[in-house]
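Below: one structure, written as structure tokens.
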Amino acid sequence: MIYAYSPLRRFGLYIGALLALIWSGGPFLWQLSSSFQLDRELTTGSPKFWPSPFTIEHYINLVVEKSFQEYIYNSIIVASLTTLFGLFVGSLAAFSLSRLDIRGKFGVLGIILSISMFPQIAIVGPLYLLASDLGLLDTYASLVITYLALGLPLVTWVLFGYFETLPREIDEAARMDGCSTLGLLFRIILPISLPSLVTTGLLAFIAAWNEFMFALAFTSSIEHQTVPVGIANFTNLYYVPWGDIAAASVVVTVPLIVLVLVFQKHIIEGLTQGGVKE
Amino acid sequence: MSLQQTATAIAGPRKGAGNSFRWQFLTPWLLLLPAFLSLASVSVYPILNGLWLSFTNTSLITQEHDFVGFANYRLLWVDDLFWNAWWHTITFTAVSTLAETLLGLAIALLLFEHFAFRGVVRAAMLVPWAMPTVVTSKMFGWLFDGQHGLINYLLKSAGIISENVNWLGSVDNALWTIIFADVWKTTPFMALLLLAGLHTIPKSLIEAARMDGARSLATFWYVRLPMLLPTLLIAGLFRALDAFRVFDLVYVLTGGGPADSTETLSTLNYKTLFSTLQFGYGSAISTAMFITEAMIALGFCIFLYERLRRQK
């Protein structure tokens, strides 16, 4: 194909691209700008796009007044453990479904996927009662166990998709060399699946990092509450601290954005793999 | 079948092969076991338990836990708050799914073309997707703030409105503002999904249409759109099911208010469970939600099936 557009069409394309860029990036840039402005500047009635005077007051508030670092610590623990367990359990399942003789594997895969279709609000009540009976309320464990199960269908599905693309000759060669089944998984398949493991892990991590409802229901103290719960509860007595909220948004979103931009190609592939039939 | 297995099959079982055969049969299931255990305890058991609870008057306040048959469902049927939330949820789902699909399709068609900085636009589209929904909510709360929000300022500067609009605090606007926030958050993902779908359409088809003198609009209408339709419908279905569960946005932005004008099924359900601690009644709401969702999915599937059958 030749990409020779008429000038009018080219103009339209760039206008469209600009609009798409403003639409996706604009709101966050405003949040970024707000986080460096004084409260009185934010409420003057004529907002400034470029912060002046520039202040890091809100970022200091986050640490000093709100102990925001504790929420971040909790989120890092919960999301990392979820990711590690998720990748481990998910790769065992995906390996079994993709590489071993298993009867009705697409049925099993279908069941795993369809479980994820249930509305999450339907399980939060019973799980709360269960966690309460087991004394797991307000613990990391309650969140990690829940997020593990919520993330597993996606993790299994994406890893299964990747394993299916690996040539079977590898398995045969490994078996010939006397590799056991688990050896095949841990010494051969997993090392060459590293790109997919990274992407899948990132997806699981982001999902756990962003989850709100279960964290809200299961945790009640700053010792175990995660970032979304912390931000949702950000209110001062007499006014909404928009500057502090903006700073918190920047702190929890920028690392995600950096990760996503670094791995964007893999993420788009991983995400769209399930939705599109070739 | 691996070579070793083939060899075993030809040569017959060796000594002790019975044992190894059993392991060969068991290993796949053993590897699946952790996943099954996890899903069974955190998904399957709670779903079934919730179904049971919906037939009881379980309440953490009165400490009752008795079977009451369909009493919760009879109450639900005449509960105005429930139907109020039901209609809001349906409106939210229909409007946001439609808007996201159309806008997503437009953006996908745009990103399919070749232009400088295409990679930058595509990367920027991942920002709304990656951002925690709670952060999105707070961000829109600030953008649409009734007094100092940027949106009011921009609209006033452009002369579209003459005085500040109370976006989230008024019964007429709040639901639409939440829908807007949802469209912002999820359109990019839709666009990327549809973009992937567009890439699977054979280029030769579009070139053939061009050769036959079809213009861009005609190629879109007669070639791309029909080819994309299955992807479009499946993506729409997943989006609709997801939109139907909207919780974070509503809970953080308005908490269901003002005057229940943005109450959705998930928020009503959550409050019934964790504010009034009526686990029996709350579970009945969950079940009703699930039934509604199943009907939406069924409707989509029937439509998709009819569509595909007509195409053949």
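The backbone N, Cα and C atoms fix where each Cβ goes, glycine too.
According to TrEMBL, the domain 'ABC transmembrane type-1' annotation covers A:72-263.
The feature transmembrane segment is assigned by TrEMBL to A:12-30 (among others).
Annotated transmembrane segment per TrEMBL: A:71-94 (among others), in sequence order. Counting same-chain residues at least six beyond the ends of the transmembrane segment (A:71-94), those with a Cβ under 8 angstroms from any Cβ of the stretch are 112, 140, 143-144, 147-148, 151-152, 155-157, 159-160, 162-163, 185, 190, 193, 197, 200-201, 204-205, 208-209, 222-227, 229-231, 251-252.
Under the heading transmembrane segment, TrEMBL lists A:106-128 (among others).
Residues 74, 77-79, 81-82, 85-87, 89-91, 93-95, 97-99, 109, 112-113, 115-116, 120, 127, 131, 189, 193, 196-197, 199-200, 203-204, 207-208, 211, 214-215, 218-219, 224, 226, 270, 273-274 of the same chain, all 6+ positions outside the transmembrane segment (A:140-163), place their C-beta atoms under 8 angstroms from a C-beta of that stretch. The transmembrane segment feature in TrEMBL is assigned to A:140-163 (among others).
Here TrEMBL flags A:184-209 (among others) as transmembrane segment.
Among the features that TrEMBL reports, transmembrane segment is placed at A:245-263 (among others).
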Remark   = Lying 6 or more residues past either end of the transmembrane segment (A:245-263) yet within Cβ distance under 8 Å of it, the residues of that chain are 28, 31-32, 34-35, 58-59, 61-62, 66, 68, 72, 75, 198-199, 202, 206, 209, 227, 230-231, 234
